[in-house]
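Down below is the structure, laid out as structure tokens.
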């Protein structure tokens, strides 16, 4: 009796830790991008503060992938436990209600920004910091096509929203995880062929290697955790080694920046990707036998983590345009710090308000089923 109760308790605590961790990472990404897009252009893009925020954002994204791998394996395992066999329709329905609403809301907001900027000719605003490469290379049908094809025909969403390129990879991982499990249940040969195709696709882009690799580390760590939920004498050693591994990777990234200030522009190169994969491996090992069984503060932040992660970038672009059109105050550190705080706070507030519905899968499904029932009654 005590065994099952203990297992449920451990998994619940683990879920609260993961939720809190996702929320904290989303806030780190939001603050880093706010500094990069609002403050850094005024004081040069190669200062140490720019490196700290830039590398922090990239590290947080890598860890986000690890957490995604952990959560996806746990959801697949729960699905198999509920049905006795993997049910792809139920699983993908649940994951879609989790990830698609914040994605679609972000695309809608970015589309409105595009229309406003074009309509008011804000692209002609004279400024030392021009953002048109981030938004004017984008067209709505490009984003729609990239989402519907999971980005296999090109990374087109980067033009509308910086974090969307990473979420685009995550959507592919949702799809591929589902297909791989189905292939494994049907035929081992089909799984091997599919994995070869995935490896080939990954080899074409270092960003995909980073996303897929970090995801795989989290997936494997979750698999090991569910098979060995107890504690043993090596747990503390594994946790310490994993922290040291993460520390070495972070130190190397900052050392590389100290040697060459253009390092931030080359994060997608293979050597840099290898360093980030070492960091992701260390974080996955830390989750496996480190703190994943313990409570963690900031659990509430997990409720709006996806929305904040996706939606803050178009908001920052819009704030940047308003700032350069109305104020255009340069080299004023107090003013820029106030603008930084207001921008980051506004992003968090908007994400929190939207997430009250967007990141509540149960309420979304109830709302969706209610409207489907109404339409059926009208048709009948």
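Backbone N, Cα and C define each Cβ position, glycine as well.
Per TrEMBL, the feature domain 'Acyltransferase 3' maps to 18-352. Mean per-residue pLDDT, taken over the domain 'Acyltransferase 3' (18-352), amounts to 71.
What TrEMBL records for 12-35 (among others) is transmembrane segment.
Summarising the annotation, TrEMBL assigns transmembrane segment to 55-76 (among others).
Residues or ranges marked as transmembrane segment by TrEMBL: 97-121 (among others).
If you look up TrEMBL, you'll see 141-161 (among others) marked as transmembrane segment.
Summarising the annotation, TrEMBL assigns transmembrane segment to 173-200 (among others).
Per TrEMBL, the feature transmembrane segment maps to 206-225 (among others).
Under the heading transmembrane segment, TrEMBL lists 237-258 (among others).
The annotation transmembrane segment is assigned in TrEMBL to 270-288 (among others).
Residues or ranges marked as transmembrane segment in TrEMBL: 308-327 (among others).
Among the features that TrEMBL reports, transmembrane segment is placed at 333-352 (among others). When Cβ-Cβ distances below 8 Å are used as the criterion, the transmembrane segment (333-352) is approached by residues 27, 30-31, 34-35, 38-39, 42, 304, 307-308, 311-312, 315-316, 319, 323, 327 of the same chain, each at least six residues removed from its ends.
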Need a quick answer: max count of Cβ pairs under 8 Å to the transmembrane segment (55-76), which of 173-200, 206-225, 270-288 is it?
206-225
Positions whose Cβ lies under 8 angstroms from the transmembrane segment (173-200), at least six residues beyond its ends:
68-69, 72-73, 76, 85-86, 88, 91-92, 95, 99, 150, 211-212, 215, 219
